[in-house]
């Protein structure tokens, strides 16, 4: 794809005003662009950094058209917009990301089928439409396996681990509500991710391989560079994926590494990703900078420079009181508070990034300060 470069002062429309939209807007503004954001939440984080705010639901066709008509280019911060709605918008307005990635990836079944056809390494899976299919999953996958809903399921929601026959009842209940996918359970050594930006004329820029740790299905911390020898292999898997799915802008591929050191593609996020937030301080370009460069038709940097090894930790609602007490003592902590009005114990309220010469020591220090987060 080749499209004209946007001039300074042009307007970028963003569908979604959460923290990703906010950080996109901040990158866009420092490059001289104006920003309009559409979000159903009146107090969304992006509202207070955007030049214009449209308060509307994501399926409000009139509001989406208003966004398109007032923007020179439109992007989105998340994958749960209707692909049909997005397809209509792409026929009327300039949306470089298109709708294909959303159409394929918001459904776990079509995502896995696409990855399989692209010849990437994925764990065995079974489509689950009925309770009878769960019995087939036992035959094909064996215990344990994970049942996931085909749609939705952000931050681990809509997932059930089935370890034996006695745990099938909860899976049956989930399948009765909606179609699912069952995946073979992996004995995981490590989780890693690779953030990538594809720009004008399919120029590709890779960020360093990121090592991720989750707690209660929510990303806890990211270490960069990943302590793994799988970066080149991960890039080769991404190349297969980009031949199968149209991308423009920043996206992230999540991987599992099992105890035998085999790399498996887990899932794809077709937009900037939580594990790439460290890049704001730790790289010469952030994942949001390269996203804006891509969708505005600008040339991407040939390579991303990691300025220093880094640990990034998500800040949840339960962390904020401690953070307020400690912040003034730690000028080396790069703090981002997203501006969400309602504080919940397990809600992502911000993140902090520490550049360090000793990643292991920094990890231990953060765990000590935020005691209980490693439980």
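Each residue, glycine too, has its Cβ placed from N, Cα and C.
Annotation note: residue 186 (ATP binding site) sits in a coil segment as assigned by DSSP. Cβ neighbours of residue 186 (ATP binding site) (same chain, under 8 Å, six or more residues apart in sequence): 123, 256, 258, 264. If you look up Swiss-Prot, you'll see 108, 148, 153-159, 183-186, 191, 214, 266-267 marked as ATP binding site, on the strength of sequence analysis.
For the domain 'ATP-grasp' (112-296), the mean pLDDT of the prediction comes to 95. Taken from Swiss-Prot, the feature domain 'ATP-grasp' applies to 112-296.
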Practice task
Count the Cβ atoms, other than its own, that fall within 10 Å of the Cβ of residue 183 (ATP binding site), considering every protein chain shown.
Solution key: 22
Handout entry: Intrachain C-beta neighbours of residue 266 (ATP binding site), sequence separation six or more, cut-off 8 angstroms
Key = 191, 254, 255, 256
Handout entry: Residue among binding-site residues 108, 157 with least C-beta crowding, 10 angstrom cut-off
Key = 157
